[in-house]
Every structure is written in C-alpha cells, then in structure tokens.
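The structure appears below as structure tokens.
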C-alpha cells in the first residue's frame, strides 16, 4: 500500500472543561469490597479491574438535579485539579483531601484525578488557558505538584488506587502546533522552545509515580489529531522524551489516555478505513482525509504498539474517554452509506456527526457514550468518563472572569471556522458558560442522544439495557501448533448487539476478539488446555460461558515440523552485516501465492532467534514498512520449551489499516529491528531463522500464519 503523507495536522482537538474537584462515580464493570491493607502498596496490572469508583457528591448533585439525570448521577467521572487553589478547595468546593476522605468513607477503592496546571497550559486553545505563565515551572513544581504528592502519599489513602491523567493537550500541542506547522501558535512555539511542558510532565510523573498506589496515564490526544503517519511517530517520541525528563522513567508511566474531553467515536461500526468505493479508498474521503484511523479504539491500540516500540513498557494500558462520544438519537446511522461516492459512503455511515473532526467545543448532537467499563478490548484498560458530562468546554461569547480562561472562537456557533477545522462552522451549542461551569442545555442533549441509551434519555428510545447476550455455541478447535491453539465459535445474539468476546484459558482471561475466532499463542508443546468464551454487549452485559473445549498442542518438531500449506509465504533478507552486534535486523515480506485477496489483519509472521545471555527483556521496532509502521505490530515471545536455535521469536502482525494483499502481490519491505534491554550482543549465526542472503528470497524457517493457522514455513 502506498504511504501517503498529509500535511502536518493542526490541533484538531477540544477545549477542556476545568471545574475544581469533580467526580468519580459508583461501580465500574466489576466491583470488589474495599481492599485490605496488605494489598495497599501492590500495583495491579489494570487498576480499573475490580474497582469501585468514588461518587463525587458535587457532580452527582448537578446531574441528579437535571430531568432524567439521576440515571447517570452515580457514573464515574474524574476530579479535575486545574489550579493550585483546587488542591485545598476553592469557591466553596471540596479540595483534594476532602475528595479522598469521602472516597474512603464510601468504601471506594479507585479515584481518577486530572493533573492540569502546566505553565502556559493548553497553548492552542484560549478557552482552557491556565493560571501559570510560560516560565512558571518553579511554581508548578513547588506550589502544585509537591502539595498534591504530599496528600496522595498520606497512609490514610493507601488502599485507594489513585489514577492520574497527566496534563491533557500539552505534549500533543508540541507535535502539531509548534515548529512551523500549519497549526503553529506563538504560545506553543514558546512552550516548545523553553521545554517547560516536558519538564513539568516529567516532574509530575517522577514525584507522583513514586507513590506505590498511584497510576500515571499520559494524555495522547485523539485519532483526529495524531492519527496521521506524520504525527503518530513524532508524538510517541515526544511522549518518551517527556517521560524520561526531570528524573522520570518509563516505569513511572502505567499507560496513556485518548479522546480526553473530545467527541470522537470509540468505534465506528458501519465502515472501515480499508473500505473502498468505486476504486477510491475511505482514506481519501473528506472526513477521513488520509488518516490511518477512523475511531479511538483502533487509534489507541495502534498507538500502544508504537509506544512500546519506542521504549515504553510492554504492559502499558490505554484509556478512552467515552463520556460524550455516544452519538445516539434519531440521527445515528445504522449501516453503510450509499456507494455513489466515497464521501457519501462515509458521511452516511459515520456515527460521529460533527461537521468536521477538528470541532471540539460543546458539540451539537453529541450524546453520552459507553459507560465506564474495565478491560473492554485488547490493550484497553478501561472506558472512562474523564470529562464530566454537563461541564462546558468554553464560553460561546467573551465572559470576564478571574480564572484565566479566554474566549475561543471555536466555541462561538456563529464563527465560520479556520484552517484547523477546514473553514467549516464550529458546530458549537449557543449560550455556553465558561469552561468547567455547568451547562444544563448540553447535559440535556447528552442524555437525549446517549448511546447506549439510558432510562430517561432519548438515545434512540428504550430503557437501560440489562439483557446479556446469549452464550456462544459451537466452540471448537480450528488448528493447533506446538505453541498455539486456534478457536472458532458460533456468534451470540443480543437484544441490542454483541460487541465482542472474551476468551478464557481455564479461569484466566487470555484475550478478546471482535470476531468469532481467536488464537492463543506462547503455549507449551504437547500440553492440554481448556477454553471457554463469553460474549459482551455495549452496555457491559456479559453472557454465560460457552461449553468448554479442550485442545492439546502439537509435539515439538525440533525443526522438523510439518510445513505450512496455505496460500502465503514469507521472503527474507538479512539487513545486518554483523551477526555478533547488538541488534537483529531481518527484512521480511509476505507474498500472496493464492488466487484471492488475503486480509492482512489475519496474518502473522514469526522470526525465531536465541537471546544469547544478557537481558531477558527485548524491544522490537519497525524501522520501515511499505504498509506503514503504524499498521505493523511486533512483540517478542519466549518459547516455553526452547528449541535448537530458538528460545524466542518476534511476532509481526498487521492492523486493519494495512488492508488486504491481492493475489500475486507482496506487502513490500518490512524492516524489523530487535535489541535486548541492556543492548548486549547477539550471536545470530546459529539462530533458527537466520540466513546470510542480502536480497529477498523464499525461506522455510520464518513462519507465517493466517487466522492462527500455519500457512507457510516450518516451525522449529
């Protein structure tokens, strides 16, 4: 696929409401009793699993006072600390310690805070400017972060999982709105040159991350801001730079959040970025504008892969703010658009009904989105409501205030736009108050257009969905290798719609799938495993488990395994002249030898090697891919039973954005690079997949799988 490079993106984001001390609500998807003291200092992999969230009485009262609002008044939202005064409490509102005390007294075990007071804050949006000037980094550290850290470290709160959303908008602004891009502003140029965004974020990560029950998630914009190839990689580099500044390390980062206070759809159900109409790809439509992603979930999953390749820990998780991206009501499309043109196809299908993806302020037609849910998809720690519904993004007209909040024309419904939104109308609601202030008309709209629908809101009609899908049937083993089991099953049904399936090995959830198949890899040869599958819907209802099926992995072949017989093969070349240096650099490409197209999202490649001592951790990076490195995922897997020439393999897979591989075609060059955590040397000459050819040639010792089934090559 040809790599297309759009012009640098402008901000394409949203103003952020900034109300002192908002809320976390009631229970997340799974609820546990308050943890015991013995568990207080042990970080868990995903803080939202098993969490009971704090119900903020201030936000809850505002929501409950609105007609129909009681249906969501106990939903988790985040507490925004947008000024120094909010730490102690301002204008009669609760301070940080008061919120934490209340959380403890309620028996909650999770609270989400938004750390949001950088010097020169939000340099590209006047509506959410802050109190600190561009050079006030000293005040940020001593008057803002240090007092927060002192309170969070109080042993009285040791049983709370404290999630910090770290500085929305800051680092993405340095990528797209400074350095001479179309969206550059003088304020962002200043912050890029003085480094105080990076210093501030690093300081916050370092000092807050030192508290054992704190979880830091860095803001990572949204797909309509950073989803282009020209932005995604530079953004990941910027995030890594900040995370290793001012004493911080990647170990201080538990994950990232996308779509904070924005309106982008979590999943666009009616079209894919790989679709085409009359030979024109969806990426060429005006709405998509050559973006690699059309929704937040695909963007978050791809970004996570890129971040790991840049040096972040492989266990990082992603959050998606779903508070206002439901887009329900009568205007919600139910299927693909007409095929008269690619624009008609996309515009008729997209549930995101904004005039332009660059519109971010108090959007007309928006609705409440997915309710907070733990572990809803692969790589996603949770759907969360970070932006409290009903809190304004910014004033429709200039309003004098002492909060440092300016007037941004993107919040004016009469403004005809600028280059950042394609010179389109803003789509903003009229009569909006200052950012962070209660906006009743917006809250009523969000209720009306909620999706999934809620009791008391329009949302397409109906009451709260409490009906679970039917249990999956027909679970069967479709293929096995010495290290993997492939499963398939018959789809479940649901009164609204099934959104995915969770796969369990024994009692342990090992993964999720949005299709009716799944491959569990990294297994031990000649071993029996039992599997069940559960279906889930958009409302978070989960089915009963399917009937169990048992699969036994194949015996180890020792290099003499059965060759794959599928319609694809791998070609390899050696991109590294030295077999004894500190990197492995295979060049790979997949060739379709069949007579029909192959969906690359179902294809995986495995290159086998030995670690040769030194560090037991590895990083796999994509140096170049003809399909775009953003469409390539790599992970290093340890073999449970080492083979001759192989104790690990790097597995390469493809995102949906890679599209399909036509009959007779190849993927083009994929340049991979593997190094150890300590950068010690390898000895590649005896590696199973190693060869010395420097031009592409067919190989049998690099394996390729389609849908989890060995299709080419021979496993070790």
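One-based numbering along the chain as shown.
Even glycines carry a Cβ here, placed using N, Cα and C.
All annotation found in TrEMBL is predicted automatically rather than curated by experts.
Of all ranges given (452-474, 475-497, 498-520, 521-543), TrEMBL attaches the label region 'Disordered' to 452-474. Among the ranges 361-387, 388-414, 415-441, 550-576, the one that TrEMBL lists as region 'Disordered' is 388-414. Counting residues per DSSP class in helix, strand and coil order gives 0 helix, 49 strand, 37 coil for the domain 'Fibronectin type-III' (471-556). The Cβ of residue 122 (active site) has 29 other Cβ atoms within 10 Å, all protein chains considered. Assigned with DSSP, the residues of the region 'Disordered' (388-414) fall into helix, strand and coil as follows: 3 helix, 1 strand, 23 coil.
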